Amino acid sequence: MKQLLLTARLDIVESLRARWFQVYTLVFGGIVALLFVFGLTESRVLGFIGLSRLLVTYIQLTMAILPIFVLITTVRSVAGDREAGVFEYLLALPISLGAWFWGKILGRYAVIFAPVFLAMLGATLWGYFDGIEIPWGMFAYYTALLAVMALCFLGIGMLLSAVARTTDVAQGAAFLVWLALLLFLDLILLGVMIQGRIDPELAVAIALANPLQVFRTAALAMFDPQLIVLGPAAYVILDLFGAAGFRIFALVYPAALGIGAALLGYHLFRKGDLL
Amino acid sequence: MIDAMILLQNLAKTFRRARVLNGIDLAVGLGERVALIGSNGAGKTTLIRCLLGEYACDGTVRIDGLDPRRQRTAVLGKIGFVPQLPPPLRMPVGQLIEFSAALCGTDPARIAAVAGRLGLDVEAIRTRQFVRLSGGMKQKLLIAIALGRDARLLIMDEPAANLDPEARKIFFDLLAQRLEDATMIISSHRLDEVSSLVNRVVEMDMGRVVLDDKVAEDVALTDVFACRIVLKRFEPAFAKALDGWNFDADAERLVWQGAVAGPDRLRFLGLMSRYTGLVSDLSLMEG
């Protein structure tokens, strides 16, 4: 446990000094600031006004940015550290591979979750002191959704880092994974496939397997329970699960996917060459 | 040779189709100082990484009877490692020392003390990022981390390459203190760089051991030679070359005197060979 915490702390310190983290923090802090500046709390969409409106917009933007950001920065820094000789030196110290791998995940998780959460918390506190009504239920669910989203893509990123030998390959693989998930959103290939009379069960299965689609549907379900703005796949999914059931699924499945990917990554890391 | 500190039997490592280590058998006993030499691509680094358990390989690797892959922390707890290229760590020096000391079960003050002997004031650089230190400072710190604990096996990849002569002298003294209780593997491209440090030479080529020989060494690591050089005329370039060796000159700057560490004498004579036309007399006296 001591080794795990030492590694987590080490990764946090290394990340805090890295440029990617500064950009990452700036992006999410900037999004919240811009949403306030453009008076989003004053606007109204489908009955949503005030902080609910801001949170909905924030989560939508986060869903677009966070996955690719987490994937690329994770594989870049892990594969980059391996190439630059950081692993060669630090893994020559008496540390267990489990403590190293999971400590790295723990540290990195704290670093990627903190800015997105703190930006949202900051917005909420700002609204609170500004006298805006705070939708605590929505805030709590979106916090959970962000936490799970970070875990899911961090796990996938660590798996790719364990498989890829070089930074270039790791980055390319991360981009391909993100692109594949993006293409199978219901508004893109999945919508086309349904129009092309694909078996609806297959379309639902693809949508359910895609964490991006799951996050998107869960976030929009709070915003638009009738799914007016969603494509057909999400509509079928909600019909099967119900709104509450899908909200739970949207937390459990991506978390399981992230942990599963991390476990597989750990297995591959432990079995093969560490460098 | 069951009680060997390092035991390699039919060690092989293949990257895709390239066989980098090809059936290496080697036994190194406690207290042996081995120069691991060979050209680029000979397999030295791969061998070191197999010893550290960083590569999965075929054959047998045992460090003090333990498998570095399966009994990782127990094995690495016995090893002090100095890499050829310092890792680009962004963490502050103080944290690197504390992190290493906590993992290795040693006192950070002990590491700082070794660094101090090498001429590196840890307190002055405690908050500086490791990556921002000079090459020599990084090397001194990594040596201090390796020597600042009870390592029974020291694996060093060109450890003295970035050190100034004074620090090299102290480094040799520090190694001399560990002769009885530690085995040393010192890797280098060139034998003359490390010959004075070792009592055995293992040369690798194309993933095989092509030479395994003892070195007859009459000069101890701690020996010092009194040196006197007389010049025909003064040259500023000569004075600059001697900078760092702590030599004193007479008023005309024609007679230079100082001390040269025994293991460094070959390197010193190599330096002097560049000024052969300038030197009228040169003596090295042991004692």
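Note that the numbers count up from 1, one per residue, in the order the chain is shown.
Cβ coordinates are placed from backbone N, Cα and C, and glycine is handled just like the others.
Feature list (source: TrEMBL):
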- A:20-41: transmembrane segment (TRANSMEM)
- A:53-72: transmembrane segment (TRANSMEM)
- A:84-102: transmembrane segment (TRANSMEM)
- A:109-129: transmembrane segment (TRANSMEM)
- A:141-163: transmembrane segment (TRANSMEM)
- A:175-194: transmembrane segment (TRANSMEM)
- A:214-238: transmembrane segment (TRANSMEM)
- A:250-269: transmembrane segment (TRANSMEM)
Closest-packing stretch to the transmembrane segment (A:20-41), where packing means Cβ pairs under 8 Å, from A:84-102, A:109-129, A:250-269: A:109-129
Candidates A:84-102, A:141-163, A:250-269; stretch with most C-beta pairs under 8 Å toward the transmembrane segment (A:109-129): A:141-163
Spatial neighbours of the transmembrane segment (A:84-102) far in sequence, C-beta under 8 Å, 6+ residues away: 3-4, 6-7, 10, 158, 265-266, 269-270, 274-275
Remote residues contacting the transmembrane segment (A:141-163) - C-beta distance under 8 A, at least 6 residues beyond either end: 55, 58-59, 62-63, 66-67, 70-71, 73-75, 78-79, 82, 101, 104-105, 108-109, 112-113, 116-117, 120, 170, 173-174, 177, 211, 215, 218-219, 222, 247, 250-251, 254-255, 257-262, 264-266, 268-269, 272
